[in-house]
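Everything on this sheet refers to the single structure shown next.
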Amino acid sequence: MTRRPPGIVFLAALAGFGALSVDGFLPLLPGLAVAFGLTAGEAQTALGGLMLGMAIGQLAYGPLSDRFGRRGPLLAGIGLFSTASLMASLAADFEALVFWRFVQGLGASASPVIVRAVIRDLHQRDAAARQLSYMTSLMGVMPIAAPLVAAQLVLQGGWRAVPVAMALFGIAMGTLAFLRLPETLAPERRVRLPVWQVARLYLDVFRDRAAIGHVATNIVLQTAVMVFVCASPFVMIQGRGVPVELFGFIIMVEVGGLIAGAALNGRLVTHFGSERLIRLALPVLAGMAGVLVLVAWTDAGGLAGFLVVLFLFKTVTSFVGINAIAGALAALPERAGTVSALIGAAQSAGGALAGRYATAVIGTDTLTMTLFMAAFALGSIAVYLVLLRR
């Protein structure tokens with residue numbers, strides 16, 4: 001059966017497993033801490049386990065998709081995600097929940113890696129950046145909807161209803177992928193390397209200055225975002241007294257910035273090029289990092305003022321991050337799966353560290369959270385200037 005190239009809406013839905021697993025779990029964290037008698041940092045282990053699984057899984061799926069094609073590894077990952085989600089809903093204790101969240105991360109990691117590689121299979125650099133922008137805008141629905149839906153599921157059916165819903169999503173998307181997704185990596189373009197020598201593929205990435213420079217810039221920048229994602233349930237719910245059922249609207253503001261940045265980038269990238277747009281955005285990023293800290297320090301405008309600045313900060317990080325990913329994929333198009341895997345794995349590792357350690361330091365303090373966010377944002381600028389400035 002001949003399958004048409006996948007549409008961007010379908011690819012965005014496929015790439016949403018990671019966002020669903022992370023954002024759909026956020027409203028549960030304060031409640032899990034109370035239910036199991038955990039500190040904020042200990043409760044983050046349920047999120048950290050997922051992120052660790054995603055980091056490890058992406059390192060495997062990238063080279064596997066370069067070697068065997070995109071369809072097989074993607075479908076295997078979705079199957080693992082669905083199974084682990086069901087098992088997480090049956091967990092008898094917190095340790096079992098963390099384990100199955102880890103396995104869930106191993107499965108969820110397939111979709112973002114392989115979808116990025118599919119886009120690179122079908123499009124050249126600036127066109128790929130434009131498609132990534134459109135996909136990111138569409139994917140913004142998931143981080144907005146997931147915590148809102150999860151909060152209602154918790155209220156109606158308890159926390160176990162959330163992993164059940166994740167499993168059903170996985171089954172539905174896996175079925176659609178099996179029926180609709182064509183193979184985009186032709187056999188003659190696949191890497192002819194034994195599976196046990198995949199480390200050589202990663203060495204190729206580290207040896208390419210353009211590839212690793214863009215990868216590293218994106219990794220450090222996205223860690224700034226993950227600091228907010230991991231710390232915000234405690235900062236907003238416990239520190240600022242935002243009701244659990246309204247927490248999803250906080251995430252909506254943050255994701256709105258992501259969508260705005262992606263939409264703006266989609267309109268500009270074909271006219272200016274992704275590399276030029278990164279250079280234009282970096283000074284703006286530095287300025288917004290400073291404003292974010294200043295507003296948290298002075299509490300200017302209260303919660304509303306903070307959310308406005310957060311929206312603008314996330315808009316710029318989205319803008320830079322999308323173009324950095326496009327630059328990394330363009331540097332080694334024949335290793336698109338491996339490059340994509342390195343990007344995703346490092347982001348997940350950064351998220352796991354942010355969740356376990358940064359959150360323990362941040363606690364419920366807004367200013368401390370923004371200091372961490374600004375530090376990573378400025379760090380990404382330093383990485384870019386050191387590795388890619390010509």
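All positions are counted from 1 along the displayed chain.
In case you wondered, yes, glycine gets a Cβ from its N, Cα and C as well.
All annotation found in TrEMBL is predicted automatically rather than curated by experts.
Sequence annotations record features per position, and here TrEMBL assigns domain 'Major facilitator superfamily (MFS) profile' to 1-390.
Distant neighbours of the transmembrane segment (45-62): 18, 21-22, 25-26, 28-29, 32, 73-74, 77, 94, 97-99, 101-110, 112-114, 117, 198, 201-202, 230, 337-342, 344-346, 348-349, 351-352, 355-356; these residues of the same chain sit at least 6 beyond its ends, with a Cβ under 8 Å from one of its Cβ atoms. Marked as transmembrane segment by TrEMBL: 45-62 (among others).
Positions annotated as transmembrane segment by TrEMBL: 74-92 (among others).
Annotation source TrEMBL lists transmembrane segment at 98-119 (among others).
Positions annotated as transmembrane segment by TrEMBL: 131-155 (among others). Packing against the transmembrane segment (131-155) from elsewhere in the chain are residues 8-9, 11-13, 15-16, 19-20, 22-28, 31, 115-116, 119, 122-123, 161-162, 165, 244-245, 247-249, 251-252, 254-256, 258-259, 261-263, 265-266, 269, 318, 322, 325-326: each is 6 or more residues past its ends and has a CB under 8 Å from a CB in it.
The feature transmembrane segment is assigned by TrEMBL to 161-181 (among others). Long-range Cβ contacts of the transmembrane segment (161-181) within its own chain (Cβ-Cβ under 8 Å, at least 6 residues beyond either end) map to 3, 6, 10, 13-14, 17, 20-21, 24-25, 28, 70-71, 74-75, 78-79, 81-83, 85-86, 88-89, 100, 104, 107, 149-150, 153-154.
Within the chain carrying the transmembrane segment (210-234), a Cβ under 8 angstroms from the stretch's Cβ atoms is held by residues 22-23, 26-27, 29-30, 40, 44, 47, 247, 250-251, 254, 278, 285, 310, 314, 317, 320-321, 324-325, 327-328, 331-332, 339, 342-343, 346-347, 350-351, 353-355, 358-359, 362-364, 369, 372-377, 379-380, 383-384, 387-388, all 6 or more beyond its ends. The transmembrane segment feature in TrEMBL is assigned to 210-234 (among others).
Sequence-distant contacts of the transmembrane segment (246-265) (same chain, at least 6 residues past either end, Cβ-Cβ under 8 Å): 23, 26-27, 129-130, 132-137, 140, 143-144, 147-148, 151, 228-229, 232-233, 236-237, 277, 307, 310-319, 322-323. Feature annotation from TrEMBL assigns transmembrane segment to 246-265 (among others).
Using a Cβ-Cβ cut-off under 8 Å and counting only residues 6 or more beyond its ends in the same chain, the transmembrane segment (277-297) has close neighbours at 217, 221, 265, 268-269, 305-306, 309-310, 312-313, 316-317, 319-320, 323-324, 327, 366-367, 369-371, 373-374, 377-378, 380-381, 384. According to TrEMBL, the feature transmembrane segment maps to 277-297 (among others).
Non-local neighbours of the transmembrane segment (303-332) in the same chain are 116-117, 120, 124-126, 128-129, 132-133, 136, 204-205, 208, 210-212, 214-215, 217-218, 221-222, 224-225, 228, 240, 242, 250, 253-262, 264-265, 269, 274-275, 277-278, 281-282, 284-285, 288-289, 291-292, 295-296, 338-340, 343, 366, 373, 377, 380, 384; each lies 6+ residues outside the stretch with a CB under 8 Å from one of its CB atoms. Positions annotated as transmembrane segment by TrEMBL: 303-332 (among others).
Taken from TrEMBL, the feature transmembrane segment covers 339-358 (among others).
Under the heading transmembrane segment, TrEMBL lists 370-388 (among others). Within its own chain, the transmembrane segment (370-388) is flanked in space by residues 209-210, 212-214, 216-218, 220-221, 223-225, 227-228, 231, 278, 282, 285-286, 288-290, 292-293, 295-296, 313, 317, 320, 324, 354, 358, 361-362, which lie at least six positions past its ends and keep a Cβ under 8 Å from the stretch.
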